[in-house]
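Here is what TrEMBL says about this protein:
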type: DOMAIN; residues: 26-458; note: domain 'Amidase'
type: ACT_SITE; residues: K74; note: active site, charge relay system
type: REGION; residues: 130-152; note: region 'Disordered'
type: COMPBIAS; residues: 142-152; note: compositional bias 'Low complexity'
type: ACT_SITE; residues: S149; note: active site, charge relay system
type: ACT_SITE; residues: S173; note: active site, acyl-ester intermediate
Amino acid sequence: MTISELRKKFLSGEYTPKEAVADAKSVIAEKDKNIHAYLDVFDDAEKMAEEATSRYQEGGENIPPLCGVPLAIKNNILIEGKRATAASKILDNYVATYDATVIKRLRDAGAIFVGSTNLDEFAMGSSTENSAYGPTKNPIDPSRVPGGSSGGSAAAVAMGSVPAALGTDTGGSIRQPASYCGLVGLKPTYGAVSRYGLMAMGSSLDQAGTLTNSVEDAETLFKVISGRDPHDMTTIGPDTYGAVATKETYTFGVPRAFLGQGVDADVMERFEAHLDQLRADGHKIVDIELPLFEAGLAAYYIVMPAEVSSNLARYDGIRYGVRKEGENLLETYLNSRADGFGAEAKRRILLGTYVLSSGYFDAYYGKAEALRSKMRDELNAVFTQVDLVVTPTAPTPAFKLGEKSDPLAMYREDIFTVPVNLTGVPAISLPMGEVDREGISLPTGVQYIAPHGGEARLFDIGRKIYDAKRYNNG
Ligand code: GLN
C-alpha cells in the first residue's frame, strides 16, 4: 500500500494505525528472518499506533499528514533512545541522545517508527554486504543483494512491511537500491533536507531521502522533511531555489557517450523503450554531452574518502561506542578502531588520509574538487538546453550476494548516480521495467536528474508517468 492509500483508509475508518502496525510487525516476523532488512524492531510502535488510532477516532480537521503511517529508518539516522549503529561494530552499544531533524519532523507529522534498517557500514557500499550484522537480501530474489547502502530500507518497503522508509544518499545509496528493489527513490537537492542527526559520511555529498511505492508518497514525505534548519547551516528553503517551473511536456537530455560505459544490453533496451514512451507522450529527447561526468566516479572516490577519513576520526573508543582498552591512550585508540571498523571502512579511511596528506593534497584532493566545480558548470550549461537529464539508475539489475568481491567492480555500479551528489542537484529513480536473470524478473531503474532545487519537476513528471501507470513498468 502507498501512504496516500493508507491515509484514505485511516480517514474512512476502514483500517486503523493499530492494525497497520500489527500488520507491519507480522510481515517482519514472517519474512525478516530470511531478508534481514531490520537491525532493531521498536516495541513502542504499538503505543504510538494507539494514540494515532484515537486521533482518527476523534476526527475533525488537522489530523497530521502522516498520522499513523508506519515507517522504517536507516540506522545512520538518530532516533532518541534507540540504538544508532550505522551497522558498525564500533557503535554496537551507541544509543542516540536526540532526534535527527528529519525524525523530529516526521514525528511531528504523526509518523510511527517501526524499526531501524540495515546498511553498509557508515553507508559505504552498494550492496548492504558491508554491514557488521550481516547482509540484507533482496526480497525479489534472496540470492541477490538489495543494493546499498540503504538496502535495509529498500528491502523493508519491497517486502511489504512498511509503505515507505528513509535512507541516505552520498553517491547513490537511495536511488540504486530503489532501482534493484523496484521502488521510487528520491535524492533531494543538497541542503534541501537537514543533515542534523545523520551520521556523516561525506558531508558535502550526504542527503537524506525517501524510498516509496509512489512518486506522490515521495513528495508527501519530502514536504515534511525538507526546509531550513537552524541546526544545519547548509540547509536552504524553497525561497532560495531557482525558478524551476513544471511544464506540460519536457525536453530530456540523454548523455549518450556517458551511457556507453558498460550498461547491460537488456537494461539499455528497457531504457530505449522508456525513451520511446516519453516521445510518444509528447516529450522531446535530445542527445547531450557531459564529458566530465565520465570522470565523476574517479572524483567521487577521492572527495568521498577524504571526507570519510575526517568524519570517522571521531570514533575513537573514547567519545562514542565500543572501547577496546590498551596500555595507554594511543593503544586504546588503535585497538578500538582496528577492532571496530570493517574492511571497507578501513580501506576508505586509508585512501582518504592519503589523498589529504600534505604531499598529495594538490595532486588528488585539490584536483578532484576542481573537477567537481567544472562538472557543475557543465551540468548548468546543459540545463540551459534541456529540462531534465535521463540515464539508467544503475548499469545492471541486482547482482548476486558475493558477486562483486572486487571493490572496483562494486564502485562501478555507482557510475550514473555519483555525479548527482558531486554537483548537488536532485534526482529520482523510478522503476523502468524488468529484465530476466536465471528465470527471475528483476526490476531496473531510470534516473531523472533536475536542476538545483528542481524537485517539483521530478515529482511532476514522475506522477505523470509512474503513478499514473502510463507506461509498462513491468
Ligand atoms: N555506493 C556508494 C559508495 O559506496 C554510495 C554510498 C552512499 O550513497 N552512501 O560510496
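Just so it is clear, glycine is given a Cβ too, placed from its N, Cα and C backbone atoms.
Close contacts with ligand 1, defined as a Cβ under 6 Å from any of its atoms, occur at S149, S173 among the active-site residues K74, S149, S173.
Counting every protein chain shown, the Cβ of S173 (active site, acyl-ester intermediate) has 36 other Cβ atoms within 10 Å. Averaged over the domain 'Amidase' (26-458), the predicted model has a pLDDT of 96. DSSP classifies K74 (active site, charge relay system) as strand under the three-state reduction.
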